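Reviewing the structure listed below.
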Amino acid sequence: MSSKSVKLRRLLSLPILSVFVLVGFIYYITIFVFLEDWLGLHSSSGSLNTLIFSVLASFTLFSFLVCATTDPGRVPSGYVPDIEHSDASDQESKKNDVQLRRCDKCSAFKPPRAHHCRVCKRCVLRMDHHCLWINNCVGHQNYKAYVILVLYATVTNIYSSVIIVCSAILKDWAFNGSSSIKIFYICSAIMTMGFSFTLGTLLGWHIYLITRNKTTIEYYESVRAEWLARKSGQNYHHPFDVGFYKNITLILGPNMLKWLFPTAVSHLKDGIQFPTVRDSL
Ligand SMILES: [Zn+2]
Ligand SMILES: [Zn+2]
């Protein structure tokens, strides 16, 4: 099967179709119900808000498509770990390190930071998590698109909430405010504010992870490693945390002007080797 048809097939899932319906619904009510009611679509401020909101919604949808159709990163067939350049210091620990990085399900070696996804049924490079809403794993190649998607989706929902609230405040309820319209306003505001809060929290979490150069899986692994290190009176340092700004550029790219473009990922290396603290010593 060609990679194009695999990508299209991936889009045909219930969660993805629900996202499309939801984005379309929020877009429609924000522009054609609330903005129309508040400023009118033919006024200059109404047109300007329509333009800004449409651009934001398009960026969200575009990032969503990039995220859902990009392969997160496949382990090259025949991959064999480089024992000589393993992080461990002595020969025995190097061998153990390599043993640990073998995937029983794929019966193959897996590079550092790669994990096996039970849903995708394969190992994924720098796996973060499997996301139901994009019907894809979030890994090395689409992690940037994922974070940018969450950012655009958060801003779009906050913008929509503001338009709904402004429209509700300025509406002449005494003249034109049946109880069903009131319920519609309240439900819409709760929905977009709920999405803003949930997506905003997710965004904050991933900004935290980016600044520490950790994946969600590595975060949980490091909690345990920190606890074990503390027990033996030592300090644990995440090996891929190479400093606040460098960590950000490793994900978003060295050029700040390209940070908000989900497809600007030419800075990503092979996903097999990653700079570690030891490299910068
Ligand atoms: Zn595997
Ligand atoms: Zn997966």
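Every residue gets a Cβ built from N, Cα and C, even glycine.
Predicted automatically and left uncurated, TrEMBL annotations should be read as such.
The feature domain 'Palmitoyltransferase DHHC' is assigned by TrEMBL to 100-221. For the domain 'Palmitoyltransferase DHHC' (100-221), the mean pLDDT of the prediction comes to 95.
Residues 41, 46, 49-50, 53-54, 57, 60-61, 64, 68, 132-135, 156-157, 159-160, 163-164, 167, 188, 191-192, 195 of the same chain sit 6 or more residues outside the transmembrane segment (12-35) yet have a Cβ under 8 Å from a Cβ within it. Look at TrEMBL and you will find 12-35 (among others) tagged as transmembrane segment.
Feature annotation from TrEMBL assigns transmembrane segment to 47-68 (among others).
TrEMBL lists 146-170 (among others) with the feature transmembrane segment.
Residues annotated as transmembrane segment in TrEMBL: 182-205 (among others). When Cβ-Cβ distances below 8 Å are used as the criterion, the transmembrane segment (182-205) is approached by residues 26, 29-30, 33-34, 147, 150-151, 153-154, 157-158, 160-161, 164-165, 167-168, 171, 173 of the same chain, each at least six residues removed from its ends.
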Based on DSSP, tally up the residues of the domain 'Palmitoyltransferase DHHC' (100-221) by helix, strand and coil.
72 helix, 16 strand, 34 coil
